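Only one structure is covered here, and it is reproduced in the block below.
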């Protein structure tokens, strides 16, 4: 089995950091140790600057970032990361574990912002071609639970301060996309932590066996 790209997705407060740790632990138990970690937006000097622009509520002063400008900044950061970090790592046989990828844009901008989904899909295909994660773990949590957890961590970024309706639309789009794509596995992240961790271990182990590892 060659290297693979595993992405962890979900609303704020879904538990992506914990999930990443469980994925790493599971891979190591299966004898896979060569891996790197990415986050989106971010992961390169350019992408980190774009991350600051798009998430920091003070980054552009009083100027409002338009929805389309937001989308384009996410894609600029994403393609830079994919072309300069992710693809080279995979080519060398290194596994990549990502905190968010394109599914976030399809859910947050397509669902939350209500941007035309055909336009987003066209933009994705133009920028990324047929590049996709091999496995995506979507951690499903209600906005009420997720935002409560996120607020407990401290100050919220620009997107985390959106309305509950925004996150309900985002979650609905996540679920819709997960139901239509076999490479996306949904984990019930409202369960007790140990149950969530067990589900992640079981899902990743079963998926790797499916790949013939």
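Glycine residues also receive a Cβ, built from the backbone N, Cα and C atoms like all the rest.
Annotation source Swiss-Prot lists ATP binding site at 10, 11, 12, 13, 14, 15, 16, 17.
Across the binding-site residues listed here (11, 14), the residue whose Cβ sits among the most other Cβ atoms within 10 Å is 11. The DSSP secondary structure for residue 12 (ATP binding site) is coil.
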